[in-house]
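See below for the structure under consideration.
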């Protein structure tokens, strides 16, 4: 909170670049840390098992596309370096993960499909979007287009945990809604919401405000349904199924029937 306030002070005060840079870096470090935690959760499994098993690559391709649009928004909008740098960092981690996914794809078809989707959604589509708006529209329209696309992808991403929350209420168990993941959603939404309020940015505020509310709701559900007698003996299957859970928290629903049934 303190870093966000000092960042805003530097943003508003003439000659306050040092305040904005130093404290913006602090807030950025918090957000980058959430990216690192997620990356360390789901990336090592494929490398260790040398296989992606039945998991889909599409959610991570979507996350990379979302990061691209936020980077674009941060570049075209004045005084939004923090948005560009944090999401640029996240994009780099997603690229690394997709490389790991391609290296250890369970079948040649999965590798080919992933490569095609990456080419279309993470190269051609954002490239054309940036090129067309750069050539045909002024800076204000570029900000509106990039902000709107970023908002849409982020809203879907933050809405995806609703299925996990429903499962918790139905089963009265938090087994399939890990505390760490819920806490990351809460922190990420909170920091970006504070940033959006201080900078009066609706494109950032709407999706991240929603994410903050959902993250808070997840933590409340966790407090209600957490059972101490089960927490000390987390099964190996639950640990191994963490990436299944992460798949359900990703931006878009996959088309693989086996993914939706897990």
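Backbone N, Cα and C atoms are what each Cβ position is placed from, and that goes for glycine too.
Note: TrEMBL annotation is automatic and uncurated.
As written in TrEMBL, here are the features:
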| type | residues | note |
| --- | --- | --- |
| TRANSMEM | 20-43 | transmembrane segment |
| TRANSMEM | 55-75 | transmembrane segment |
| TRANSMEM | 81-104 | transmembrane segment |
| TRANSMEM | 116-137 | transmembrane segment |
| TRANSMEM | 143-164 | transmembrane segment |
| TRANSMEM | 176-198 | transmembrane segment |
| TRANSMEM | 204-226 | transmembrane segment |
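Scored by C-beta pairs under 8 angstroms, the transmembrane segment (116-137) has its highest count with 55-75, from the stretches 55-75, 81-104, 143-164, 176-198, 204-226. Proximity of distant same-chain residues to the transmembrane segment (204-226), defined by a Cβ-Cβ separation under 8 Å and at least 6 residues beyond the stretch ends, is recorded for 83, 150-151, 154-155, 157-159, 161-162, 164-165, 168-169, 172-174, 177, 179, 182-183, 185-190, 192-193, 195-197.
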